[in-house]
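According to Swiss-Prot, the ATP binding site annotation covers Lys10, Phe58, Arg86, Thr92, Arg103, Asn113, on the basis of sequence analysis. The active site, pros-phosphohistidine intermediate annotation in Swiss-Prot covers His116 and rests on sequence analysis.
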Amino acid sequence: MMQSTFAIIKPDAVSRQLTGEILAAMEASGLKIVALKRLHLSKAQAAGFYAVHRERPFFDSLTDYMSSGPVVCVVLRGEDAVPRWRALMGATNPAQAEPGTLRARYGQSLEANAVHGSDAQETAAFEIGYFFNGLEISE
């Protein structure tokens, strides 16, 4: 089934100039980049995006990190885009990620793990809408 999903290239990967390699891996996997923007989140924007984690002990650290430098937000489209992007990312903890996945290759820690991806279609819809309006997405 054709799906859209949302990805963020996180501050650690952007600062290490890995954006091009990660975008190339997205396309090489057969997913189509239909929207893209680079921005520097404020702490409040990061908190709004990660509001689902507000009560978790790592929330402040996560929002500090996600607002520490530029990120690249991407909308991906393709057959089964959500699970395909999650498989390409690998496990959240880079130490546990399968070899060859983006987090195994580029992740530095549980938090600085290079990339974010939506965990379900419903989450993807919220996350895409948080950063993009319909005019910014071109199939």
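Yeah, the Cβs are placed from backbone N, Cα and C, and that goes for glycine too.
A 10 Å cutoff on Cβ-Cβ distances gives Arg86 (ATP binding site) a total of 18 other Cβ atoms nearby, all chains included.
Looking at Arg86 (ATP binding site) and His116 (active site, pros-phosphohistidine intermediate), their Cα atoms lie 9 Å from each other. Geometry remark: Phe58 (ATP binding site) versus His116 (active site, pros-phosphohistidine intermediate), CA distance 16 Å. Residue annotation for ATP gives Lys10, Phe58, Arg86, Thr92, Arg103, Asn113. The furthest Cα pair among them is separated by 21 Å. Between the binding-site residues Thr92, Asn113, the minimum number of other C-beta atoms within 10 Å of a residue's C-beta occurs at Thr92. DSSP assigns His116 (active site, pros-phosphohistidine intermediate) to a strand segment in the three-state reduction.
Non-local contacts of Arg103 (ATP binding site) by the CB criterion (under 8 A, 6+ apart in sequence, same chain) comprise Met89, Gly90, Ala91, Thr92, Asn93, Pro94, Ala97, Asn113, Ala114, Val115.
Arg103 (ATP binding site) falls within a helix when secondary structure is assigned with DSSP.
Mapped onto three states, the DSSP output places Phe58 (ATP binding site) in coil. It is His116, among the recorded positions Lys10, His116, whose Cβ has the fewest other Cβ atoms within 10 Å in the structure shown.
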